Structures are given as C-alpha cells and as structure tokens.
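Visitor: Once you've had a glance at the structure underneath, I'll fire off some questions.
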Amino acid sequence: MSTILIAIIALAALAAVFGAILGFASIRFKVEADPIVDQIDSILPQTQCGQCGYPGCRPYAEAIANGDQINKCPPGGQATIEKLADLMGVEAEESAHDLDSKVKTVAFIHEDMCIGCTKCIQACPVDAIVGGTKALHTVIKDECTGCDLCVAPCPTDCIEMIPVETTTESWKWKLNAIPVVNITDAANAANVTDSIK
C-alpha cells in the first residue's frame, strides 16, 4: 500500500470517529428550548437593534414568553404586535414607540471626517456598515434599520441619522384597506329588511 492511501484511510477513519462522537454529543447534550419562544422569535424582525430594551430579538422573545409587553419592537411595527397578540392570545396594544410620527431614518457617514476606526461597524447589529481599518466606511441604506447604535461610539461624530426619502417603494400603501362585503351577509340583510316591511 502506498503512503498516500494509508494517510487517506487514516484521515477517513478519524473523521468517522469524530463525526460519531459529535453526533452522540449533539443528541446526549441537546438543550430543550421552549417552543413558544421559538415561535415568538420567528415573528420578530431579527434586526437585533436593541430598541426594545433587550440585546436582541431572542432575549426579547424570551421576555415576552415570561410576560413582558408585546409592543416594544419599532422595526416590526403594528403588524408584528398583531401577530404576537394572536399567538399569545392577548389584546393587540398600541406600539410603545410613536411609529406614525417617527420618520424612518438611516445612518449616513461623512466620509471626509471618517478615520476608519471600525467602532461603528462593531456597534451595528445588522452589519449595514462596510469598511476596513483605516479605510472609509459607508452605510448600506437598504440594510440599515435606523437604530442609531452606531452614532454614539463614533469618536469623530461623522455619523448622522438622515430621514429616508419617501418614494413609491417606501410609501405606506394601505392595500388591505379595500372593504370586502360578504355577499351572503348582504343578501341576508336584504331579506330581513324585506320581511320587516
């Protein structure tokens, strides 16, 4: 047998042994999670922005499962509150944040002031800032949630939160506001009024 063939067989055997050990360990030491926390976490927007007062969406989901309010997530908006209310079987509350008057903002980096320290990149929970050490940084506008966690760590104050320009794509279209009348209900109402006459 050649040396290469022996090395391949030995590596394959080691891989099989370590794979079996990892497989056994994943079954033996499996952590059982609360299924309601997983369901709540799947409803939350996963921006990890911290605007709810928790360090991310998973800790907030755990807090909701333990009885905290369901209306603390600004990126999720009223739609998320309603989904959480349906899941938890509680009344849908108004958002704890003023969502209507708050204009959506995104971070903007003044590149002439940026020193490339990467502190904003480290603070961004959604990786919306790109750049490198001692290089210019920029914000990916479509990824930015407007949480403004990147503003405070900047030593040169080169980050500004600017309002997002309203376009046809970002306009709050009320597409579900079209009233739909159930024909059978209308017909029954007409029969009732006819029988009263």
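From the backbone N, Cα and C atoms, a Cβ is placed for every residue, glycine too.
Since we're looking at a predicted model, the values are computed, not measured.
Taken from Swiss-Prot, the feature region 'Hydrophobic' covers 1-26. Look at Swiss-Prot and you will find 32-90 tagged as domain '4Fe-4S', backed by sequence analysis. Annotation source Swiss-Prot lists [4Fe-4S] cluster 3 binding site at Cys124, Cys144, Cys147, Cys150, citing sequence analysis. Taken from Swiss-Prot, the feature domain '4Fe-4S ferredoxin-type 2' applies to 135-164, supported by sequence analysis.
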Visitor: Looking only at Cβ atoms, how many others are within 10 Å of the one on Cys147 ([4Fe-4S] cluster 3 binding site)?
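Guide: Result for Cys147 ([4Fe-4S] cluster 3 binding site): 22 neighbouring Cβ atoms inside 10 Å.
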Visitor: Which residue counts does DSSP give the domain '4Fe-4S ferredoxin-type 2' (135-164) for helix, strand and coil?
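Guide: Helix (H, G, I), strand (E, B), coil: 0 helix, 7 strand, 23 coil.
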Visitor: Within 10 Å of the Cβ of Cys150 ([4Fe-4S] cluster 3 binding site), how many other Cβ atoms can you find? Include all protein chains, please.
Guide: 23
